Amino acid sequence: MSLRSGSHARAATKRAGEWLRDHQNAIRWLQWIIVVAYVLLLIVPVLAPMPTRLSHIWSDAVLFAQFAFWGIWWPFVLVSMVLVGRSWCGLFCPEGALAEAVSRHSLARAIPRWMKWKGWPFVAFACTTIYGQMVSVYQYPKPVIIVLGGSTLAAVTVGFLYGRDKRVWCRYLCPVNGVFALLSKLAPLHYRVDKANWVAWRRVPGGPTPFVNCAPLVPIRTMQGGSACHMCGRCAGFKQAVALEIRSPSHEIVNVAGDEPKPWETFLIVFGLMGLAAGAFQWASSPLYVTARQHIAEWLVEHAGTALIEPRLPWWILTNYPDQNDMMTPLDGALMIAYVLAIACLTTMAVGTALAFATRALGAFQAAPLHHLAQCLIPMAGCGVFLGLSMTTVTLLRREGLSLGFVDAVRACLLLGSALWCLWLAWKVSARYSRSIGRRLVAMVGIAAAVLFGAGNWWLLFWVW
Ligand code: SF4
């Protein structure tokens, strides 16, 4: 990019941020339209009959909502995090918009300390992922009401109790907050705070004191990265120090993410995204799961009766749709959870060992470089979850008769691209901890192994099973 076109791009980006700031009413209207669409997508499929073999996405409410939520909405919201940061949260998310609207009339109670626990993003993601598999949330509309509708109800309740015009739910408890915070670190756009301008700024004598309502409670003055920012644009131009800017997609991981070790983020990347999510998408196709289930079922019939191999539990605990011939027994459910947790633990051990090796290769073992190197795995972790979610997209489109023969090639390219991105990030990060090229190269062996372990889960699912 030439100097001139670079400065034009910078100016246009800055103006885009200010445009958002100046059109907050239009954004609110857009949010209400999305809220209406969201509520319709939640409720109408529950009232509609289940699709038959002859039903189509465009003519059947259940299939349409399934495709909208799981085929388009969720996979591409993840993609949007990497492209434009958390703009989804700040500009479009119906849950955040509702929570914020309610928070304007809140009881204004103090936010309890337990709510600020840093482990919630991990715990909420893990529980939602496993529960989603138990009730087959990607297949049936009633579980969608519980998972998505329940989350929205909780967001509104938290907003009403503690809101004070803020998005308390989004900040502390939203089940995808942690994932979005990680992926948005890769975005080439962010609101940058110029500290010198902030300090130098003086109010015009007699002029109004500027105020900005940052709904997700970001401490704007000290904000360095984009992972907590919802990109709403309200602070654009604040004290002539905040501006929407273009940055290198590697910038935040390399230069910001290592300043403060975040063990919960490491846990979410390795155990949650690379392990648990992979296991959740994998179990139904896994020959290990099928074989274990068969052996245990045979043993139970011989020794303990049939209670655990009969689908007795209601649909909101375990999938139970006799008319669709789709039922999970307590054995299925317990084995599924065991399988998903086992994959998560094995992945964590393998990736954790590789990360520890890379950290040690850079010098004395310390937590800070380990957590920083773990951040370099975000492209692989995010890519895997996108591929897992987009399986529904592919399944539904194939059901409509599209052959999609290119899908395997696209999956391979995405995995390869994200693996190379991880390695590039790790190479840059390693320079912060060692000047020795030899040490950095040895560390890269560990990172390459971690990336391979992560990719291996998806390779098994897409190409082996
Ligand atoms: S820091 Fe807060 S106010 Fe500024 S863009 Fe981000 S979310 Fe909006």
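Yeah, the Cβs are placed from backbone N, Cα and C, and that goes for glycine too.
All annotation found in TrEMBL is predicted automatically rather than curated by experts.
These features come from TrEMBL:
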- 69-105: domain '4Fe-4S ferredoxin-type' (DOMAIN)
- 157-186: domain '4Fe-4S ferredoxin-type' (DOMAIN)
- 29-50: transmembrane segment (TRANSMEM)
- 62-84: transmembrane segment (TRANSMEM)
- 119-138: transmembrane segment (TRANSMEM)
- 144-163: transmembrane segment (TRANSMEM)
- 266-284: transmembrane segment (TRANSMEM)
- 336-358: transmembrane segment (TRANSMEM)
- 370-389: transmembrane segment (TRANSMEM)
- 409-429: transmembrane segment (TRANSMEM)
- 441-464: transmembrane segment (TRANSMEM)
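Only sequence-distant pairs (6 or more apart) were considered; of these, fewer than three Cβ pairs between the transmembrane segment (336-358) and the transmembrane segment (29-50) are under 8 A, so the stretches are not in contact. Long-range contacts of the transmembrane segment (441-464) within the same chain: residues 274-275, 278-279, 281-282, 285-286, 343, 347, 350-351, 354-359, 361-362, 373, 376-377, 380-381, 384, 387-388, 408, 411, 415, 419, 422-423, 426-427, 430, 434, each at least 6 residues beyond the stretch ends and with a Cβ under 8 Å from a Cβ of the stretch. The stretches the transmembrane segment (62-84) and the transmembrane segment (409-429) do not meet in space: the count of Cβ pairs below 8 angstroms, excluding pairs fewer than 6 apart in sequence, stays at fewer than three.
Here the transmembrane segment (370-389) lies next to the transmembrane segment (409-429) in space: the count of CB pairs under 8 Å, restricted to residues six or more apart, reaches at least 3. Sequence-distant neighbours of the transmembrane segment (119-138) (same chain, 6+ residues past either end, Cβ-Cβ under 8 Å): 66, 70, 144, 146-147, 151, 172-179, 181, 264, 267-268, 271-272, 276-277, 280, 283, 315-319, 326, 328, 333, 336-337, 340, 392. Outside the transmembrane segment (409-429) by six or more residues, the chain places 250, 253-254, 258, 358, 369, 372-373, 375-380, 382-384, 386-387, 440, 443-444, 447-448, 450-452, 455, 458-459, 462 with a CB less than 8 A from a CB of the stretch.
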